[in-house]
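Chemist: I have a structure I would like to understand better, so I am pasting it below and will then ask my questions one at a time.
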Amino acid sequence: MSAVWAAARAAIRRRRLQTFVIALVALLCTATAVVSLALLDATSAPFDRAFEQQQGPHAVAFYDPAKVTPEQLAGARNGVAAGAGPFGQTVAETRAAGPVGSMLGPLAIVGRADPAGEVDRLDVWRGRWPAAPGEITLNAPPEDDAGFARGPMGHLSTLTVNGTTLTVVGWAYSVSHSADAWVTPEQMTAWRPSGLQMLYRFAGDVSTRDAVEERLAGVLPGGALLAAQPYQVVKEEAAETAGVYLPFLGAFGVLGLLVAVIIVGNVVSGAVVSGFRHIGVLKSLGFTPRQVVGVYLTMVIVPATAGAILGTGLGAVGAQPLLADTFRGLGYGQGTGVELRVWAAGLLGVPALVLVAALLPASRAHRLSAAEAISAGSAPRPGRALRVQRLLGGTRLPRSISLGLGLPFARPGRTALTMASLLIGVTTVTLATGLAGTLIETSRLDAAAGGDVGVRPGVAGPAGGPTTERGDREIEALLRGLPGAAKVGASAGLTVPVVGQSSPVQVNFIRGDVAAMGYQAQLLEGRWLAGPDEVVASAELINKRGLAVGDTMVLQLEGGRTTVTIVGETMQSLPGPGDGLFAAWRDLPGLDPFAFYYQVELAEGADVQAFTAAVRAADPGLTVWDNTDVTDLTIVITGISTVLALLLAAVAALGVLNTVALNVQDRRRDLGMLKSIGMTPRQVLTMLVTSMAALGVAGGLLGIPFGMAAHRLVIPLAADAAKVTLPDYVMRVWDPATLALLVVSGVLIAVLGALLPARSAARLSIARVLHNE
Amino acid sequence: MTTETVVRLDRVRKEYGETAALDGVSLTIRRGEAVAVMGPSGCGKSTLLNMIAGLDRPTSGEVTVHGERLDAMNETRLALFRRHHLGMIFQFFNLLDDLSALDNVALAAQLTGSSAATARRRALELFDELGITDRRDVYPAALSGGERQRVAVARALMNRPALLLADEPTGALDSRAGEQVMDLLIDLNQIGQTLLIVTHDARLAHRCASRLVELADGRIAAESALDRV
Ligand SMILES: Nc1ncnc2c1ncn2[C@@H]1O[C@H](COP(=O)(O)OP(=O)(O)O)[C@@H](O)[C@H]1O
Ligand SMILES: [Mg+2]
């Protein structure tokens with residue numbers, strides 16, 4: 001093998017440029033692939049690990065105490081491998097001192113004596129488990145101290161449930177989310193539980209929701225089962241954030257791998273074509289056909305492996321912030337590393353792909369007859385190229401340009417591959433442009449909807465902070481009066497029971513400029529509310545409850561029933577507990593002062609910090625916060641897709657550079673001849689750049705539709721994963737100017753790629769060409 | 001001088017499309033001979049040499065070199081045969097541009113399984129014999145034509161070939177460098193190296209060869225013994 005290695009090393013040295021191109025392409029593709037795989041892996045692996053650690057229940061079941069006794073439940077073990085319960089459970093309105101409590105909403109509370117057990121072994125990560133009535137432990141994912149202090153739960157020391165004030169004694173974490181909080185069984189008995197909780201691990205198949213439900217139905221036949229949560233529900237929630245990244249990382253990943261295959265194929269076939277003489281020499285020395293192929297494969301596998309090693313490292317580092325973002329607050333803390341199998345896939349996958357891509361052109365070297373190789377040299381076939389050249393020669397274009405336009409026809413195969421890499425470059429740039437457009441539009445909508453500043457009465461604090469003296473209307477007037485305020489919206493949030501539905505809805509009674517602050521603009525369907533019996537629902541609520549625009553709901557309000565019609569669907573609801581309805585303002589006497597919420601949109605150029613400071617100064621009894629932050633997701637996705645698009649465009653340019661370098665190499669003699677008859681260096685440059693710019697235009701025109709199609713495919717997939725519905729207009733990001741710029745991007749990629757080798761060809765000394773031929 | 005046969009061609013025909021580059025050539029070369037093949041351009045000299053080197057296969061006829069039937073061998077066996085038993089030099093040298101002179105020569109021995117160090121040692125020996133030791137680390141582009149051809153000869157001799165094939169070895173050289181290469185070939189033949197030289201240079205043929213084969217239109221037109229001048 002040492003002879004093959006010696007020859008391959010020489011070939012690598014001769015083709016520094018191509019070697020560099022291959023290494024870079026392999027690096028980029030590996031990095032993208034590793035990030036995608038790490039995320040893919042992350043959508044299940046850390047959850048699975050935590051779930052196993054806690055011996056999470058396959059189903060959390062909730063039985064009707066009127067139909068089954070605790071003894072019957074404890075005795076029913078059909079198909080159950082391990083179980084815990086029955087535990088008394090209730091869903092209760094909770095309230096804490098200060099405004100935070102009013103945001104907690106109803107909590108599912110379970111009476112449980114012991115955090116350990118056969119299943120759902122809870123991690124009590126701060127404080128302790130309730131030991132006596134009057135104590136409560138909350139469910140929250142473990143966080144570092146800084147994160148903990150920042151979260152809303154960090155302030156809680158007492159909690160009022162069903163009129164009883166409980167002391168918060170600790171925090172525990174249940175991966176399976178079997179409850180929001182736990183108390184002692186005695187405390188639960190005192191409240192008279194509304195259901196009995198059973199936690200089951202089953203012996204049989206639990207791979208799907210249906211399978212779990214089937215197992216569960218077998219445990220205790222009869223109608224006592226009220227509700228159940230298969231573990232897949234929690235698992236899918238855990239995968240949500242990762243699921244948003246996957247579609248577009250996948251799209252870029254596929255484009256990257258395609259470009260890798262094309263460029264490697266082009267580099268190797270170029271090396272084989274321009275290396276005919278080289279192959280002939282190797283064969284005349286006694287290299288076997290297989291060894292010759294070995295030389296050419298070694299030539300690409302060395303840089304590809306080097307690129308893959310660097311790319312794997314880069315991908316692993318690059319995946320960290322995404323993984324951390326994915327797991328923030330999910331409580332799988334330790335699980336944010338990149339798994340070994342992902343490393344292995346990165347290290348082996350791309351070099352293997354490169355090898356396969358190289359195999360086909362390298363096998364030409366295998367078949368090439370030595371005699372032919374040694375005598376033939378590497379002159380491209382004339383025929384068609386000559387005909388095109390003759391046609392172009394008849395036009396009135398400057399000769400250097402018409403010669404350049406004819407060049408791509410001399411080697412149709414190479415031209416096709418170059419065009420394909422340009423096409424992918426433009427596709428990528430188009431996709432990234434579309435993604436950025438959609439995301440910016442979406443986040444603008446988001447930001448507008450949230451307002452710039454949010455305000456609530458009261459200030460959070462361990463002992464209940466200062467409260468405002470002002471009433472609802474006075475607060476609104478205060479906010480409107482402060483310098484910088486452009487729009488002020490007020491709302492009162494109320495949890496309202498719905499006739500015929502098991503859980504209540506959050507209704508936001510709105511006043512002022514709420515509609516004008518983005519919510520009306522982001523209507524997905526229908527129209528904005530126009531009267532007291534009309535409501536607008538968030539997409540989340542509509543999806544969760546199987547509603548539709550046009551449906552009516554009967555709300556139990558102020559002791560009576562109010563029928564409302566859903567006239568519109570919005571992307572999102574007001575900040576606060578999610579699935580809300582917008583309803584027209586009505587004065588609700590006796591409303592909790594903490595239920596009021598105000599959002600302010602500032603005038604163009606007004607300073608958010610100054611405004612929040614002004615509000616605090618005007619009334620220390622108000623909680624004020626900055627609501628402007630664009631979501632991390634938008635920044636991350638726009639950032640990554642821009643970087644990936646630039647990188648892939650650079651790779652496409654490298655593909656062009658490789659092609660021009662090969663063309664120049666093939667045509668050294670022609671170039672020497674053209675110069676000897678008086679072609680200036682500038683004309684040589686023009687000729688070579690023209691040849692690629694023409695391909696750039698064609699690649700641009702063809703790549704744009706592909707990019708637009710990819711955008712159409714990726715955005716809905718990502719939105720789906722994020723469980724949001726996007727209004728159609730955020731998809732309409734294309735206008736003639738953008739499209740024209742995208743065509744220009746194709747030309748730019750081509751020209752930038754061609755410039756370097758064209759310049760060195762322009763400087764090529766005739767004497768040297770003639771000396772070496 | 002023994003009479004062991006190194007090359008035997010039996011009615012070898014080679015067609016390229018319609019035309020026959022070789023048309024029924026039979027030829028025997030014995031060990032220690034120096035045979036020159038001459039003829040006008042396009043008469044089939046290179047084709048004949050390619051047949052003997054196993055670089056190409058005949059359309060019909062038999063090619064036996066060093067006791068082996070090349071026309072029946074597959075590509076891989078031909079390659080193995082070449083690396084052990086043949087050395088070739090060309091008009092345009094065909095050195096690998098990115099290996100130093102020494103590494104170009106060493107490569108031939110590495111192919112037969114020698115370590116890089118052993119290969120270099122043997123290459124240095126040859127450099128010494130050919131008087132180009134001081135050029136060993138120079139790359140081909142910086143060598144003169146004559147030096148390139150001597151490096152090519154060294155490479156061809158690396159594995160002590162049974163037959164040294166030369167296709168127009170002086171065709172690209174000025175007369176002084178041409179003379180040096182001729183002297184080298186004569187010296188080699190005198191120590192027993194079997195030679196086949198393709199040329200259209202009568203001086204080269206008459207100085208180096210013991211026998212002359214004249215080709216015309218793919219056939220042997222004449223054969224004659226030469227008294228070397
Ligand atoms: N690979 C090839 N394909 C087609 N024709 C060839 C090929 N090689 C040689 N020929 C033709 O065969 C004839 C003999 O060529 P060659 O042996 O190279 O002649 P020369 O005596 O000049 O070395 C010529 O007519 C040449 O055109
Ligand atoms: Mg010839």
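Here the Cβ of each residue, glycine as well, is placed from N, Cα and C on the backbone.
What TrEMBL records for A:244-273, A:294-320, A:340-360, A:416-440, A:643-664, A:684-706, A:737-758 is transmembrane segment. The annotation domain 'ABC3 transporter permease C-terminal' is assigned in TrEMBL to A:251-368, A:643-765. What TrEMBL records for A:415-617 is domain 'MacB-like periplasmic core'.
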Chemist: Could you give the residue numbers and ranges of same-chain residues that sit at least 6 residues beyond the transmembrane segment (A:684-706) on either side and whose C-beta is under 8 angstroms from one of its C-beta atoms?
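Modeler: Answer is 398, 400-401, 403-408, 415, 418-419, 422-427, 429-430, 656, 659-660, 663-664, 671, 674-675, 739, 742-751, 753-755, 757-759, 761-762.
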Chemist: Please give the sequence-distant neighbours of the transmembrane segment (A:643-664): residues at least 6 beyond its ends with Cβ less than 8 Å from one of its Cβ atoms.
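Modeler: For the transmembrane segment (A:643-664), the far contacts come to 17-18, 20-21, 24-25, 28, 32, 252, 255-256, 259, 262-263, 266-267, 270, 273-274, 407, 410-411, 414-415, 417-418, 421-422, 424-426, 428-429, 431-433, 671, 688, 691-692, 695-696, 745, 749-750, 752-754, 756-758, 760-761, 764.
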Chemist: Below 8 angstroms Cβ to Cβ, which residues of this chain, lying six or more residues outside the transmembrane segment (A:737-758), approach it?
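Modeler: Distant Cβ neighbours of the transmembrane segment (A:737-758) are 17, 422, 425-426, 429-430, 433, 437, 649, 652-657, 659-661, 664, 684-685, 688-689, 691-693, 695-701, 703-704, 707.
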Chemist: On the 0 to 100 scale, where does the mean pLDDT of the domain 'ABC3 transporter permease C-terminal' (A:251-368) fall?
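Modeler: On average, pLDDT over the domain 'ABC3 transporter permease C-terminal' (A:251-368) sits at 77.
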Chemist: Report the DSSP secondary-structure composition of the domain 'ABC3 transporter permease C-terminal' (A:251-368) as helix, strand and coil residue counts.
Modeler: 105 helix, 0 strand, 13 coil
Chemist: Please list, for the domain 'ABC3 transporter permease C-terminal' (A:643-765), how many residues fall into helix, strand and coil according to DSSP.
Modeler: 106 helix, 0 strand, 17 coil
